[in-house]
Amino acid sequence: MNFNKKTIEDIQVKGKKVLVRCDFNVPLKDGVITDENRLNGALPTIKYLVENGAKVILCSHMGKPKGEPKPELSLAPVAKRLSELLGKEIKFAPDNTVVGENAKAAVAEMKDGDVVLLENTRYRKEETKNGEEFSKELASLAEIFVNDAFGTAHRAHCSTVGVTDYIDTAVCGYLIQKELKFLGNAVETPEKPFVAILGGAKVSDKIAVINNLLDKVDTIIIGGGMAYTFLKAQGYEIGTSLVEEDRLDYAKEMIAKAEEKGVNFLLPVDHRVAAEFKDVEATVTEDQNIPAGTMGLDIGPKTEKLYADAVKDAKTVIWNGPMGVFEFENFNKGTIAVAKAMADSNATTIIGGGDSAAAVNILGFGDKMTHISTGGGASLEFLEGKVLPGISALND
């Protein structure tokens with residue numbers, strides 16, 4: 001996949017109508033936005049376009065309205081809060097059809113530097129099917145398309161791919177540019193030693209990632225629920241821990257492949273365990289084996305040190321997926337230890353979206369990382385080496 005895409009700085013935007021696909025899929029509680037990270041992430045691109053005299057038309061999805069208008073998934077609260085953050089009024093166009101009379105009228109009245117926000121693109125069922133009609137309607141509003149929603153770049157939808165069939169100038173905003181720079185460089189030309197830390201519950205979610213990264217990394221670190229499948233494959237006792245029986249052969253294969261390629265394949269050497277899946281006091285095991293009647297819920301202290309040492313010597317570190325059940329206070333220690341090791345390291349540190357990003361932000365290490373990806377599924381597919389349709393649709 002070509003990572004050298006044209007950006008908003010490569011084109012003339014003054015006086016032009018610019019449709020910007022943002023990621024405003026934010027959590028709402030009683031109409032109030034509870035996490036503003038995605039709004040703040042969109043500001044640099046919007047500010048640049050406003051300051052350079054573009055007519056800025058913003059669009060995004062929120063939640064899963066499944067092609068029907070749902071008032072609780074309206075983008076009205078986003079328009080209100082974004083206006084405050086931008087320090088400039090953003091006109092909201094409340095059309096259930098997204099590109100309706102309100103939107104057309106609002107766009108027709110725009111002056112240079114004005115901003116309009118369209119309604120939730122998933123109010124239209126064609127959006128997720130990349131339907132021609134809705135793509136044309138969106139494209140009819142603008143002369144330039146900017147994609148700045150990395151979180152949906154792995155989806156071929158009307159507002160990410162379809163519009164580019166009808167608008168010739170299609171470029172990326174600052175957010176996607178940053179994702180391509182850090183994730184792209186990490187995957188294509190990483191500074192070595194390159195360490196990948198993979199956690200989370202399931203091996204099956206990370207198969208393609210492990211496959212792709214084994215050709216690039218010096219060390220792979222495995223934590224979270226998926227570690228128990230690898231340990232069982234090597235003949236260790238795992239008690240009642242999570243295991244994917246149908247992935248045991250695959251786990252053996254990966255360990256053999258790592259050995260063949262000279263990649264360090266690190267698995268937990270001790271665990272924090274409990275008798276049931278609850279936030280109860282943890283027992284630390286002596287070694288890799290987990291006693292009968294207990295389940296592993298986090299890596300243990302010896303493993304924390306082993307993993308932290310690997311991170312300390314690295315020049316590039318990518319992390320995707322927690323080391324344990326970090327929602328439980330007794331079992332968040334491994335995740336904290338890895339986050340801290342990355343925060344203290346001099347390496348380029350990249351967090352691959354999703355749960356790891358949430359964990360790092362909750363733990364207060366966010367500003368110590370080089371880059372926190374804004375896309376969970378998108379960054380995973382990127383690490384799998386897949387082409388992301390929302391990015392390949394943009395001008396080289």
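Using N, Cα and C of the backbone, Cβ positions are placed for all residues, glycine too.
So that you can see what the record holds, here are the features copied from Swiss-Prot:
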- D23, F24, N25, R38, H61, M62, G63, K64, R122, R155: substrate binding site (BINDING)
- K206, G296, E327, G353, G354, D355, S356: ATP binding site (BINDING)
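Mapped onto this structure are the features recorded in Swiss-Prot.
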residue : record                 : Cβ neighbours (10 Å)
D23     : substrate binding site : 25
N25     : substrate binding site : 19
G63     : substrate binding site : 14
R122    : substrate binding site : 26
K206    : ATP binding site       : 24
G296    : ATP binding site       : 28
E327    : ATP binding site       : 14
G354    : ATP binding site       : 19
D355    : ATP binding site       : 20
S356    : ATP binding site       : 31
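Put simply, of the binding-site residues D23, G63, R122, the one whose Cα is nearest the Cα of G296 (ATP binding site) is G63. For H61 (substrate binding site), the nearest neighbour among the listed binding-site residues (K206, E327, G354, D355, S356), judged by C-alpha distance, is G354. When the alpha carbons of D23 (substrate binding site) and S356 (ATP binding site) are compared, the span between them is 19 angstrom. D355 (ATP binding site) sits 16 Å from N25 (substrate binding site), taking the C-alpha atoms as the reference points. Taken residue by residue with DSSP, R122 (substrate binding site) is part of a helix. Largest CA to CA distance in the substrate binding set (D23, F24, N25, R38, H61, M62, G63, K64, R122, R155): 18 Å, whole number.
Ranking the binding-site residues N25, G63, R122 by Cα distance from G354 (ATP binding site) puts N25 first.
In this structure the C-alpha atoms belonging to R122 (substrate binding site) and K206 (ATP binding site) are separated by 28 Å.
Recorded residues S356 (ATP binding site) and G63 (substrate binding site) have their alpha carbons 21 Å apart, per Cα-Cα distance. N25 (substrate binding site) sits 24 Å from K206 (ATP binding site), taking the CA atoms of both as reference points.
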